[in-house]
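In what follows, a single structure is set out as structure tokens and then discussed.
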Amino acid sequence: MHKFHEVTARLEQALSRISHENLDILEEVKEQVELVLAQFRRAKGRVDVPDVELYEDLLSLYNKSNDAAADPEVLRRLAEKLQLVGIAELMQESLALHEMVSASGGDPGAIFEKMSNLLKEIKDFVQTENPNLDAPAREKNLPPSSSCAQTTTVANHKAPVIPDDFRCPISLELMKDPVIVSTGQTYERSCIEKWLEQGHRTCPKTQQTLSNPALTPNYVLRSLIAQWCEANGIEPPKRPSSSQPSKTKFACSPAELTKIQILLCKLSSSNPEDQRMAAGEIRLLAKRNADNRVAIAEAGAIPLLVKILSTPDSRTQEHAVTALLNLSICEDNKGSIISSGAVPGIVQVLKKGSMEARENAAATVFSLSVVDENKVAIGASGAIPPLVTLLSEGTQRGKKDAATALFNLCIYQGNKGKTVRAGVIPTLMRLLTEPGGGMVDEALAILAILASHPEAKSAIGAAKAMPVLVDFIGNGLPRNRENAAAVLVHLCAGDQQHLAEAEELGVMSHLVDLAQNGTDRGKRKAAQLLQRLSRFVEQQKRSQSQAEAQAEQSLSQSHAQ
């Protein structure tokens, strides 16, 4: 711990010496530097200085015999340093000890007994020394030897440590308005909104791609934070006003608006160099913040960017499609991009652009397809075959962008057949079995959403997927076990051959374990499969019994003749 503390202090010192405010870097980068610096300072402040005296006092009291009298000065120091000076603190400690005993199965053992005796001695001492224990815990401490000592004790009384679950992973501050993102992680609303406004499409904590930008209020955590604040004498954090947040921090100045207009003039010029430079600048401006995205769209940039998607200059094309991607983060801009006829141009980039342009085109398809009606238009535009090609031959990032776009498009039933006919099933099976397994999560998620379609079911069966699926149900990660089971549910529906194959591969024992230890959805899918397999096995036994009976009857008749 001391080494970590030392490294943290050195990093904080090194970072604070850099005059980043004087460097010609983006505001976004400056904010990130300031945030990291603030986190280092907080981490430095949270580390307790080793207290040898506290350790020795605890050890001496813990190891003393039951009949030996405890030193009052030792008890006084312990009560002060452990902050057990009021009825609320003592009760909280007693409850915590009781919970530990309960968790041990009701058999406290010698360690818990010693801890209980130690707490009782501190409690008896505090009650003896402080008869006014009914007063609010924060307003009193143990009677010190002088008024000066009392002042020192109160001043040194530490504020309660905020539980990690109550801190926003981005700001590390107590959350006021916690919200959940699509990966299940919780953040302070203002922090995650700022993260999304800066053009990020991943969860800051897990680095997983966000399947959608929706933010769901975490009412349970908000209530727990309020309860914790009340229990610790802290004023509960006030939620921000529900009215539209002020945009003064990022509002575009007249100079910035003029700059946007100049860029649009260059974008519409016939000079390829001007077009490339302007598209690149707009790409960066659109990534920076939400107000830029609104201002750029309102200035009429979207039709101009759509027009240059067909340019032969690969760099300009890449800038244009990425600018559209950044602009599409704003919900209002999604409709404008679609109505400007961008989809055919984006599909063309998906087919023939540079690898980075194809990756960003796939990400743009994903962003636009968040709106349900856009799924239909994009699916009908021919976007699915080049997405399947990118999923097969792209970089790791390209494959992930293609996978998230395909998953989103396949939520619409009409796109499932198109995706299967584009040859996605063999590609998904290859991703499931390739060394490294970097695309397993995405491949199984797409298979699970496709499996309900008749063409997909037939293609999955033809790809001999059963052994792979059974292996994932037995040995995969929780979400992968769940998705593999979901595929199997559809594959085995009314199909005696697949049921027999699954049973022969030993899926029953895996399903029993999944039904007990899987995710909620995994448990449901396992229960469905177990029910079907049990009926199948029972039916097989009955058929076998009937066959044996008929054979015996035939044999008896032949002997009688």
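In case you wondered, yes, glycine gets a Cβ from its N, Cα and C as well.
Please treat TrEMBL annotations as automatic predictions, because they have not gone through curation.
The stretch that TrEMBL tags with region 'Disordered', taken from the ranges 188-209, 518-539, 540-561, is 540-561. Shown for the repeat 'ARM' (423-465): DSSP residue counts in helix, strand and coil, namely 30 helix, 0 strand, 13 coil. If you take every residue in the repeat 'ARM' (300-342) and average the pLDDT, you get 93.
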